[in-house]
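Chemist: I'd like to ask you about the structure that follows.
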Amino acid sequence: MVDSTMSDADKIRQKRLAKLGGAPSAAPTQAGDPSAESNLTPATSSTPIPQASQEASKQSPPANGTANPFTQLGMKQEQEAEKKAAPQIKIRPRPDAPRPRSRTRETESLEVWQDRNMRAVFRVTLQPEDVKDSHGHQLAFLTSTRDDLEESSQPLLLNTEILEGAITEAASKAPRGKPFEYLLSCFKRVSRGLREGRFSGDVDAKRTILKEAQRLCMSYCIFAVTMPEMFGENVSPVNPLVDHLLQEPESDFGICTDFLTEAKNRMEEEDGMKEALIGAAEELSRQLASLDLNGNYRNHVVALRNLVRFKEIAAVITESPMFAPKHVAAQDIETQTLLGPFFRLSPMQLEVAKNYFSSPKTRDRNFIASAQNALRMTLREHQDQLAMLAEVIVKSSPAARERMLDWFALCVNKNQKKRAMRVDYKTVSSDGFMLNVTNVLDRLCDPFMDAQFGKIDRIDANYLRRQPRVDISEETKINADQKTADAFYGQEVEGTNNFISEVFFLTVASHHYGTEAAQERLQIMRKSVKRLEQDLASMEGDREKFASDPRYLARYEQALAKYKEQVDDTWSLIHSTYGVLCDDVSQARSMQFMRYVIVWILRLASGQNVPQQALQLPLPEEQPDVFKCLPEYFLEDIVDNFKFIVGNIPHIITPQQSEEIVQVCVTFLRNTEYVKNPGVKSGLVTILYYGVQPYSRNSSRGLLGDLLISSPFAHKHLLHALMKFYIEAESTGTHTQFYDKFNIRYEIFQVIKCIWVNTMYRENLAKEARINTDFFVRFVNMIVNDVTFVLDESLTAFTKINELTTEVNSPSFAALDEDQKKEKTELLEDQKGKAKSYMSLTRESMETLILFTEALPEAFTMVEVVNRLAAMLDSNLNILVGDKRANLIIVNPQEYKFDPKALLQDIVKVFINLSGRDLFVNAIATDGRSYKPENFHSAAKLMTEKVYMAPEEINAWNNLGQKVAEHAANLAQEEEDLGEPPDEFLDPLMADLMTDPVILPSSKTTIDRGTIKSHLLSDATDPFNRAPLKLEDVIEDAEMKRRINEWRQERLAARRAEKEAAAAAADAGGGEAMDTSQ
């Protein structure tokens, strides 16, 4: 039986020796000269000491010096025996004399010391009667090792020569069938002895023995991980490193620094060490994939952090095939890559969000704000750990750094669908995961983002032409079509990409697919939850339909509960997502990065050394290809990031960042031809609009208002930039462009109102009118168009509301069927919605019109716009003070912010601002559709009795009314004198007598110059055949003009002669002259 066992042991031993690839002894390690003996003694209860040990103990009494925790193990029985046998004589030494040493251990042989310490380290015995040591630890009886010693006639003492067999036998008997756990505890004991113990005698030999024991412990720990079958059939094949990594490092069974240090040092010589560490990291990742922030996730994060503290181990972990597999799907990155589960942890996971925001609809703002603060603290702590992991891996080795960058590239490239028109969130990574990726990349950029932009030239513009990690092949470019971009990027540039460029471009892409995608989803969820709540209210109203049938009622209640849960879940996610996105620490870091993106973009577009040199506008006419072919998200990220921050947490923006925000907004609004996407350009306006909105009591002009008023750069370029995009917004190219333009122009009006206090902007407006006349006329025309439209829509909506409200409240409404009632009710709500929207635009449009007509009345009385402006004012004056003004009476006008008195006052102010211009007076008088003298009288009465305007304004109004009435009478007389003009002299569009006829080159139609100029302001085509047309292309029709003038002169001369003849006849005959005009 023994022979068979020994034979098996020999085979295992040979296998171990082949695996170790060297002699069982290790080179001695030099140490200092200790003053006391190492103390790893295996104290036993009721254990006779072996013969050789007994002899040694008789020769040398036990030592009396200070020792480590193992000092007295195994010696308790001996000391007790000696105390009983020896007389109790106490000798008190002199106070200053050193305490005499005991000579018991001084003559202890190295063999006995080795046996004692090996038994203490491995908690084993060669005596079958030994069961526990003096501390109560179970001892393993090494049957095979004892038999081996007896057969070779050796003393029953453990030594390093037979230690391998002893370790194998002891590990095979490990408690709970866990050899690695046993061997790890042995390793920790011997390491503690080496680290804390003090030795006497042959110090080097003793340290050599312990070092060899430590080496063998480590080797067999590796075997326990890589070859667990050598310790028995019942040993689990699962990598045991993981369970111990998850424990406290300094606990009995935790992976300590000494173990990892030894593992790091032996990775090259031990074939299985790398695989064991990689396997442990992979298993940590797999376990963490099933946890969230509600669970015990921290142990897994700390475990990986402890591993990567050693750069050699960090580098090895990146060699795992699980680290960055190329063919993993986007939705699986966060569970099937090694780092994915660590970056996946986020408060934005549904179960975590529900934990922070349970019953969200019942919570008040204070509770929600407190919960958001709590989740931000948790996430910051976790993101600190993630940043540390990434930083250590990046610094561990060049190869590991490349693999880390590969993983980041995998995250962004696989998630391009997160910015699709309709996102299937089951096929992309979660928002929480991508936000963590973005946060860590932001931190990796910190070292090169200095305040002086000293390293900005290290960001290589040719990165995307040099086999980049970031895939932009399917991305829309800033101002280039796909063919142009493909041709540009098809010309590769030689060289290698530096780390700064790699991280910079990865971070920009990560913001696009991470932070900005999360902001977009937050908006979607807010819209979605509104619809859900409407549907829920509708469902609750249907309860009576099912109340009579218990079967259907149960199903109804089940469906209703499910709907309520869906609403609550959505609100929990909204609060959680908003809380994460409004983390001022994370967003401040993001702002700092975006500041670099802004400056880099401006340098690229302008070709100027910004910020060392002041930016000069306009930008060059020839756009750099490297700028045109950049992904559109470079600008889109800037816009989306600043829109969110300025709109939600503006206090984190610094003055320096504000200046750069203004620069990028003004630059690309001033040079809109540099950017293709109107949505991006409108986003620049939105940033300025949010920037002038008050966000606290001490910021009446918002974040950017004071800067826009005082900045020389803004003085020079802002007004022109706003006017230019105001015109461009007429056609955005989207299916919602008609409504988009009003939102854009509303925001532009707000910015203009803010800056108008600086008279320099008024001077700039006059300068635009003088120098860029055509440009300015187009701008004014758009204002007139907008005011005309919104006023008409608003007042028409109020008329409809009045009619529908009267109808709904009438007795006849009750006689209608349900469908008819529903139709009427929905129509009424639709009109109310339109009235609210258009009324806001009306107020802003009128305020802007008042500001501009007061500052520059001549610009608004140009022939191209004056007739339409006068017609618009006459029409709305007629609605407000005419016979049908009662139709504007509605219930609760405050709901729509409708104040008829204020609106009348605004219209009157525009009239008065332009009253000194003869062309305006003429335009009012010739408005045959809406001009009525009595409207001026009615308005004057209201101004006196209800509107309460200043006396000088009332006088100006009355004077204007009188001038218009006189001019209208003169025109009527002149029209009567001319009679009916020939059709060929009439304008084909306006049916008025032409004064300056021109020929359109394409259709050959003769039309009045003023008419075609007005038409071209909003439509650059020939109105008769839709061919492209410019004003400079029209041909003056001198012949037609001559004929019209001759006809006019002849008719007026003839009419004058008739009048004179009639007057002479009347004088001669003394009677009434006969009318000969017919």
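Glycine is treated like the rest: Cβ placed from N, Cα and C.
Automated prediction, rather than curation, is the source of TrEMBL annotations.
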Chemist: If you check TrEMBL, which stretch out of 320-342, 757-779, 1056-1078 is marked region 'Disordered'?
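Modeler: TrEMBL lists region 'Disordered' for residues 1056-1078.
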Chemist: Would you mind telling me which of 130-164, 515-549 TrEMBL tags as coiled coil?
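Modeler: The listed stretch tagged coiled coil in TrEMBL is 515-549.
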Chemist: Which residue counts does DSSP yield for the domain 'U-box' (980-1054) in the helix, strand and coil classes, in that order?
Modeler: 33 helix, 12 strand, 30 coil
Chemist: Per-residue pLDDT averaged over the domain 'U-box' (980-1054) comes to what?
Modeler: 86
